[in-house]
Amino acid sequence: ETCSIILSPGAGRCRLSKVGAGRRPPPARVRVAVRLRPFVDGTAGPSDPPCVRGMDSCSLEIANWRNHQETLKYQFDAFYGERSTQQDIYAGSVQPILRHLLEGQNASVLAYGPTGAGKTHTMLGSPEQPGVIPRALMDLLQLTREEGAEGRPWALSVTMSYLEIYQEKVLDLLDPASGDLVIREDCRGNILIPGLTQKPITSFADFERHFLPASRNRTVGATRLNQRSSRSHAVLLVKVDQRERLAPFRQREGKLYLIDLAGSEDNRRTGNKGLRLKESGAINTSLFVLGKVVDALNQGLPRVPYRDSKLTRLLQDSLGGSAHSILIANIAPERCFYLDTVSALNFAARSKEVINRPFTNESLQLHVLAPVKLSQKELLGPSEVKRARAPEEEEIGSPEPTAAPASASQKLSPLQKLSSMDPAMLERLLNLDRLLGSQGSQGAPLLSTPRRERMVLMKTVEEKDLEIERLKMKQKELEAKVLAQEVADPKEKENCSPTMLRPLSHRTVTVAKPLKKAVVMPLQLIQEQAASPNTEIHILKNKGRKRKLESPDASEPEVRAEDCWELQISPELLAHGRQKILDLLNEGSARDLRSLQRIGPKKAQLIVGWRELHGPFSQVEDLELVEGITGKQMESFLKANILGLAAGQRCGPS
Ligand code: ADP
Ligand code: MG
């Protein structure tokens, strides 16, 4: 506020008109606040304890799914706990930036977070608990009335626009008939949307008259169009125009964006295809780019990728620059939100540190006792074993051991809970971490911790992740083989119970066997075996020969005929091939990718592009999601590459 701004209709670029300003100030940081909503609906009680809680007015902690000895502490510009009121958030984080509008600067308030975490409550609220939007409008109108009163040097007027960004289309909510609108930039760097409705408002009643029906339109659309409202960004734009009453009749304009963002949950996991896939892809793109923009601004990077999405393009003159922005990340305490909460926090966090203490037991009891599918437990067995085996060497001794009630809660850790819950969830967490790692953001897990051991631990954890993935692959392959075997071998089928349940139990046993073995084996043995190339090489070489040679594993019953070889050994090989392909897809350059069968320069480029936008592939089949690659092509690609890669890997130097 050292400089006054004149003749600056484009407040975002105040350098042209700053008085007494030397160099252009560095772009403003985006401030980040987190709001934890309370449990809703009264469904929660001791049976559904929170998995996240506040520590002080700027930080919170959340159970660390990777290590139950630790919690993760996140630091923000502000943290609002479950008892915070609408007024707290408004007065603490929004009201202070409004006055800048009258100085001709821009501002934006964005509510981020998964669907159901309280974005709309925060922005809009209810008649009993009005949120940021009505409060800001009230204050702004009041302020402009006072500042623009007769006899004051400036005349002020306020207009509003209301739009929606849905599937990267800009739609005017005050004129639903108009189609996709174009975002333009004028010569001064002001962003504008020609044709967007602008309604003058002089009172709050004016505002409601335009806003409420438009909001309702949006809600109707929501039920008709598959929860569209949680997939689109609702953008309210309030413009404050000022004209000087006397010469030199300067003008200035301040823009305020109040945005209820699309849900940040990962829609890609719902197995959706077609429209919904495209839809969620587009939403993720916008949010993904928003994350990059915020990151770039807050790290002072030279390039801010505003142009990479409609949302950020629209906000170009209102995020960074001389604009004042606040991102309110909304999170929910329920356990079912855990993943989305972690993801939202990582999106928003400026810093994160690991604290050596378990998330205390009140949140841990219940779910350990919940029935867990055997196969899932088995699946996670080895890594749990490893975790349990080596905590002394792997875990970092706490420098200032906290007096947390570790002994009681250790057994009932959130880690166990989380991991026993759903392998798909675990996979999402792994992907999330990998994504963060690949973005190289400052929020990269654990990297901010000073100790070197931390890195060692991370490496170990990564190895464990790979192990889990490998086991999962193995399970998939085994399942497929068993099913195929059953179809091909009706005699065997007769031996078994003909009920529908049978395939499942059979599968579980088959799958559990190797894993059980892994559980009781010493750690080194597991790793050696996994890494040993011998088993599969022998298979390749000896296919069709006597069984003796093929497997060093004496515990396998040698009762099956030759066709069983594949069943027992090949799946690993295949799984390995898949893993290799996946690694290449996720880490390979376009050139590396071209070394694969059936991938030319164009497809390689498409794959790299997809990865840039969506993060790593979680399975090779995701290749099908890449625009320009059909399911059929994906399959033939798999066939063409899987064995070659697997064999290549296994025959290589060990
Ligand atoms: P979102 O817009 O992120 O999908 P909502 O704002 O619709 O989430 O919130 C989901 C539910 O939780 C709503 O019923 C809302 O009233 C309630 N809720 C959200 N935040 C709070 C809060 N801070 N206090 C009380 N209820 C809340
Ligand atoms: Mg909402």
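Each residue, glycine too, has its Cβ placed from N, Cα and C.
These features come from TrEMBL:
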BINDING   Gly113, Pro114, Thr115, Gly116, Ala117, Gly118, Lys119, Thr120  ATP binding site
COILED    461-488  coiled coil
COMPBIAS  398-414  compositional bias 'Low complexity'
DOMAIN    29-354  domain 'Kinesin motor'
REGION    383-414  region 'Disordered'
Which one, from the binding-site residues Gly113, Pro114, Gly116, Gly118, has the smallest tally of other C-beta atoms lying within 10 Å of its C-beta?
Gly116
Cβ-based neighbourhood (8 Å from the centroid) of the ATP site, residues Gly113, Pro114, Thr115, Gly116, Ala117, Gly118, Lys119, Thr120 excluded:
Arg37, Ala111, His121, Gly263, Asn330, Ala332
Other than its own, how many Cβ atoms are within 10 Å of the Cβ belonging to Ala117 (ATP binding site)?
27
With the Cβ atom as the reference point and anything under 6 Å counting, tell me which of the binding-site residues (Gly113, Pro114, Lys119, Thr120) are near ligand 2.
Lys119, Thr120
When pLDDT is averaged across the coiled coil (461-488), the result is 75
Counting across all protein chains shown, how many other Cβ atoms sit within 10 Å of the Cβ of Thr115 (ATP binding site)?
20
Are there residues of the same chain, six or more positions away from Lys119 (ATP binding site), whose CB falls under 8 angstroms from its CB, and which are they?
Ala111, Tyr112, Gly113, Asp260, Leu261, Gly263, Asn330
